[in-house]
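Enquirer: Input: one structure, supplied below.
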Amino acid sequence: MDQYGTAPSPAEHPGIFRSEEMCLAQLYIQSEAAYGCVAELGELGLVQFRDLNPDISAFQRKYVKEVRRCDEMERKLRFLEREIKKDQVPMLDTGENPDVPQPREMIDLEATFEKLENELREVNQNEETLKKNFNELTELKHILRKTQTFFEEHEELQVEALLPLEVTRDLHAPDTPALIMQLRFVAGVIQRERLPAFERLLWRVCRGNVFLRQSDIDDVIQDAVTGESVNKTVFIIFFQGDQLKTKVKKICEGFRATLYPCPDTPQERREMSIGVMTRIEDLKTVLGQTQDHRHRVLVAASKNVRMWLTKVRKIKSIYHTLNLFNIDVTQKCLIAECWCPVNELERIKMSLKRGTEDSGSQVPSILHRMETSENPPTYHKTNKFTRGFQEIVDAYGMATYREINPAPYTMITFPFLFAVMFGDMGHGTVMLLAGLFFILKEKQLEAARIRDEIFNTFFNGRYVIFLMGAFSIYTGFIYNDIFSKSINLFGSSWRNTYGADFFQEHLTYEEQEKPFMLVPEKGFDSPGGPYPFGLDPVWNLAESNKLSFLNSMKMKASVILGITQMAFGLMLSLYNHRYFKSDLDIKWMFIPQALFLGCIFVYLCLQIIAKWLFFTAEANTVFGYDYPGSNCAPSLLIGLINMFMQKSRDKGFEGPTCYLNFWYPGQSFFEFIFLAVAICCVPVMLFAKPYLMWKEDQLRRGRGHAHLAPVELILLVVALVQVPLMLFAKPYLLWRRQKGYQPQIDQPGTSGGFQQSVRADMNGEDVEVVQHADEPPKENGASHGGGHGHGDGPLDMGDVMVYQAIHTIEFVLGCVSHTASYLRLWALSLAHAQLSDVLWTMVFRHAFGFDGYLGAFITYALFFVFFFLSVGILVLMEGLSAFLHALRLHWVEFQSKFYGGHGYPFAPFSFEKILQEEREAEEQA
Amino acid sequence: MGEFFFNIDHGYLEALIRGFKGGILTQSDYANLVQCETLEDLKLHIQSTDYGNFLANEPGAITVGVIDERLKEKLVTEFTHLRNNALEPLATFLDYITYAYMIDNIVLLITGTLHQRPIAELISKCHPLGSFEQMEAIHIASTPAELYNAVLVDTPLANYFVDCINEQDLDEMNVEIIRNTLYKAYIEDFYKFCENLGGKTAEVMCEILAFEADRRAIIITINSFDTELSKDDREKLYPRCGKLYPEGLVGLARADDYEQVKQVCEWYGDYKALFEGTGPNPGDKTLEDKFFEHEVKLNVHSYLHQFHFGVFYAFIKLKEQEMRNVIWIAECISQRHRSKIDNYIPIL
């Protein structure tokens, strides 16, 4: 819900300063050409289609059959891909972009896939059966081998004990009378992890009357269906009696143990074993052949699979898009509605033409521009450099259609504000090199398709990082700070007044260690002038007051930078108001806001600059007052507070509190005026615009609906109680304006002011058409129309009113709090400098205390500690925090001055985007 | 106090489960589903819901069986993930949820074996949430005592089974009694467990379990009319943790027909409403459906509280209901029996 309505049409400000101008267009496409046209538009990627059948569910649309066919093809391709991956055949992925296949080609594709799938399934099935056989035989082989050892152990037992001998002999000689215990056995294979439970259950069910021997199979057997490796164990169970046999068999079945026939005599076992071995060999050859065949099929398919997938996805997206279209009654033509950039209309028309010609349709497709009152989507053209910054802005909120795009300004201010907090030539260089590396290796890194989220964050922000690094070097140069050290490029403007002999002659050893002060009047070497650029390196040696000097400088610099940026934001709001031709906003919103900001905050900035310029270390005359020295330089903070309090102060620089006095002639008068103007601006901002609009509306109402006079009277009375009602009136009027100017239709001649007529234009033809349709009943019952307006009014009122009040109050309070907020520039810069100082003195400096080889080694070792801590803590962590603060300064402090952010992004139908998304989804799965 | 530390152990899973719950089909999804002409339509629509592409890799025409299988598979995957990440006491709580499915599986297997069905066919019908290692060997048992000694003694259900050990041969009547006795013991145990957990869990779960207990008692009573089950035996099967206990259960034990059951239940505000509007007339809902609706309501309400385990139970139950709904709709579509397609239980 923006307060501007729709924008006027002339395309001034082209390029990146505002979003692209969009228009709603209607497409009439012959149904036979529709496929080709949409394909061309998809390649172009500049058109956002609207769903014209929102009420029809997905499966009732016209092209659902084709979509389903595509789904089926995709499934087959996925199946192929899985199989290819299973066999570890390399897939050819050139990333090429095949053209959209013709609709009739779809049948060929389908047939190809069908054939491939069937072939593969058949091969798989064969392989599965073969594998199963193979597994069974392998298991049998193991059984025979293991049982052999079991039985051999028994033979040994025969010698030792008599009873087992009887038992085993029974086993081998079934013809002995069955009076003696008849021991029988089953042998089989079971999964190893199931064995304990199996054994337990067996024991429990058979009450301990069975004897189980087991032995693990060392080879890993591959499951025929899933292809997973399973460990198995051979077991042999001895028992007696039929009842136990059924039980044992049931349990075996329950635990999915496979039982194999095992001959009783060693002779037979050996023969069987030999037979099994030969069969295994045979199977191996057959299996090998099958696998070769499968491999050949897959290798052949692997060359095309990615290309096919791209094709199928394109077809599918085309049919999805066609499903959004409306079908003409005659069934001959499809109607589509789309948003497209006005500048690209020609290219779109060309694409349509190409699409129509390619499909051999006789009737050309028609693109017809429509007028609409709807808010068009916001479309910013970006390139790889601007994208990062545009995303920073968009992350806060998509710009309202055609409002000023902060991104171009952000491109410079963002890295700059970052650098103010991160000012260090050394760290800046590290960052610059990192950014440069990403930029130079851009192509390779993009091709490598690294999926790491953190890497991608950095990689996508490579140009931001690069600029942040460059600006950090610049501010580092101004701060004269490289890894917390300074460089003396131009020669310091300060000289040591003490001299070497002073220390030797006059002071004891202990006293030499004490800090000495350079008296400004004497120590400053004025003929050379101040240090020409940046901070004088001598300050790095001033241990006790370096901080207080830097703090004062950085604090003032941040306030100036902050207020400059806010004032710039405010200027942008002027351009917004002017672009949307909102005269009222300029007069009653922008001007009071600018006055408010100017009278207090810009005045503060001017004071800061004046203080820098005129107040030196030496005594001189400032604005006609005798200035004794730096202890009388005015205190601006207390001065600002006193300005608000309107406290009377002495003039000139006299007395013990000379820094609190007025320091230029007429200061009390000017400050009174500034304060008065600023305070007056507040109610103007809050009430003036609503009041004027309300009044004008009353005027129009008074003429339009004369019988509403009593209401007007009451309203006038209420108007005396200004505050609540005026708050109430503006939102109400805003609502009126949104609804389109009905009263203006009633009374075309009486439209009060300039901005009303403009607004009627802005509402566009579409609205007007509606009004014309409504006109006759309205003329007859004008009072009814008015009543209707009253009835609906309060609905939006609360919302708009709260929004409006917040907006006004936010600006006033915001000016104060935002200025304070910019002090984070100073705070972070201070923290950064201190941290890097700590790292130097606590870590690296220790290395210099040693001489010789030891010193070299320690320097070598400590350098790495120092370097990695520098990169880890200072560049990465501090960099991140400075980045976040810069982000906040842009989103909150800067953009709140002018940026609406109520738009919605332009989402064109583009193959490139769709394929990209599909690929990402695929990679994530 | 439990609430303060809940998130340390269970916060992640609670967040997950609430996310899962957000994916439950809504009224508008159902409205779209019932419009489907074929199962392919159903598949197409269900792709746009949280189920996503769970049917996308099915070759050939899909059947209701395939849908059922995939639905279950999805639920099991989700549940296993929860169970694998759960800490005590939530882990035990989740195990308790599976016991109900284990009971169903055991009963299914025994009944199947009684009818001489091959075990492999029965296994495929078992609910995967309730499968356990010894499950497939269940058909070796011919008496409850054997069943206990051989199979169930190692499972968590052993304690519940103690009451049904006898040497009678397993027959259909017996199996039903076993099922109900197991359920009774299970619900009472679960109820006690939740009560011991205390806090919101107890508050929410006891409400749900009490209803579950009462529902079983009422259904048992209604189903027992005109069977050989004696009133004394019947009374032994009532779970004693519901709102009907003790007076209501005594009343139910004496009941001889549907009207008397209804009379007993009319003393209880919650259940009175359920009996109203049920009946044999066309257009009336069955009592069973009413119970399902009430269950859904209770389960959905559990999401209004935070820091408790009830949401996990509720999710499984809601998902189960949703699966029943989808299968119902799918069956109606595939059998071209569209007149009853609206008889699903919407999840609020």
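Each residue, glycine too, has its Cβ placed from N, Cα and C.
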Enquirer: Write down the single range among A:24-42, A:461-479 that appears in TrEMBL as transmembrane segment.
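Expert: My reading of TrEMBL: the transmembrane segment range is A:461-479.
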Enquirer: Across the coiled coil (A:63-140), what is the average pLDDT of the model, as a whole number?
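Expert: On average, pLDDT over the coiled coil (A:63-140) sits at 85.
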Enquirer: Who are the long-range neighbours of the transmembrane segment (A:853-877) in its own chain, taking Cβ under 8 Å and residues 6 or more past its ends?
Expert: 424, 426-427, 430-431, 483, 832, 835-836, 839-840, 843-844, 846-847
Enquirer: Sequence-remote contacts (6 or more beyond its ends) of the transmembrane segment (A:669-688), Cβ cut-off under 8 Å?
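Expert: Result: 588-589, 592-593, 595-596, 599-600, 603, 643-644, 646, 722-723, 726-727, 805, 808-809, 811-812.
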Enquirer: State the residues, same chain only, that lie 6 or more residues beyond the ends of the transmembrane segment (A:595-615) and have a CB under 8 A from a CB inside it; answer 'none' if no residue qualifies.
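Expert: Hits for the transmembrane segment (A:595-615): 556, 559-560, 563-564, 566-567, 570, 622-623, 627, 630, 633-634, 636, 639-640, 664, 674-675, 677-678, 681-682, 685, 811-812, 815, 819.
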